[in-house]
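Below is one structure, written out as structure tokens; comments come after it.
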Amino acid sequence: MSQITDNITDIRQEIADTCKKLGKKPEEVQLIAVTKTIEPERINEAIANGITDIGENKVQEIMDKYTLVSPINWHMIGHLQTNKVKYIIDKVKLIHSLDRISLAEEIQKRAERINRAVDVLVQVNIGQEETKSGIEPDEVYDFVAALRPFSYIQVKGLMTVAPYKEDPEEVRPYFNTMKEVFERIRAKNLPGIEMKYLSMGMTNDYKVAIEEGANIIRVGTAIFGSRIYRK
Ligand SMILES: *Cc1c(COP(=O)(O)O)cnc(C)c1O
């Protein structure tokens with residue numbers, strides 16, 4: 001068996017074990033394989049091993065790989081420049097990184113043009129880190145509420161990239177706060193706003209993320225090994 005096959009088997013097992021402890025079904029947690037810098041052949045290998053959803057953080061990579069990868073669900077998980085929305089609007093299943101109104105305006109405009117509503121998650125900067133994008137935790141509710149008039153944008157939940165900590169236990173409080181923010185907004189029952197997906201947890205901390213309520217995890221390194229960044 002190849003390394004990718006082994007890795008996916010291990011992760012699925014880990015998801016199943018964690019879900020079992022929580023009294024959840026493993027299908028309730030969606031695994032997104034993060035394929036940035038990974039070449040199409042290896043992505044297709046992951047797909048052959050049951051991966052149905054892949055995440056990229058750059059528009060260019062989605063465009064480069066789009067026709068080379070077996071039909072699959074694409075997720076935009078990285079910072080999205082407004083002028084690049086038009087390239088991916090008809091390609092992605094879910095945009096995880098809505099973090100400003102100007103971006104919502106552009107998504108609305110492009111989605112209207114192809115007459116197709118687009119599912120989005122609102123990105124939250126849960127660690128309030130200078131280097132990360134996302135809405136501040138205290139402002140998420142107002143931001144989500146402000147998205148209601150956007151008829152071609154369907155808010156489906158929240159996403160975060162938590163601060164990196166060697167010990168995933170140190171990330172737990174951030175995930176816990178995310179879940180609180182998520183539940184608080186859900187309880188408001190805003191018309192047109194669905195709090196269905198909580199996208200959080202990566203290679204180092206996905207298990208803790210699931211324990212704290214993630215139902216989408218985004219895993220790259222644990223599937224494909226370390227990334228090699230080329231110029
Ligand atoms: C790269 C990336 C991941 C996956 O990170 P790994 O540590 O390799 O699992 C998840 N989410 C986002 C937004 C990323 O950019």
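The chain as shown is numbered from 1 upward.
A Cβ is built for glycine as well, from the same backbone N, Cα and C atoms used for every other residue.
Annotated domain 'Alanine racemase N-terminal' per TrEMBL: 16-226, in sequence order.
Summarising the annotation, TrEMBL assigns N6-(pyridoxal phosphate)lysine to LYS36. The secondary structure of LYS36 (N6-(pyridoxal phosphate)lysine), as reduced to three states from DSSP, is coil rather than helix or strand.
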- Task: Note down the number of other Cβ atoms within 10 Å of the Cβ of LYS36 (N6-(pyridoxal phosphate)lysine), including every protein chain shown.
- Result: 17
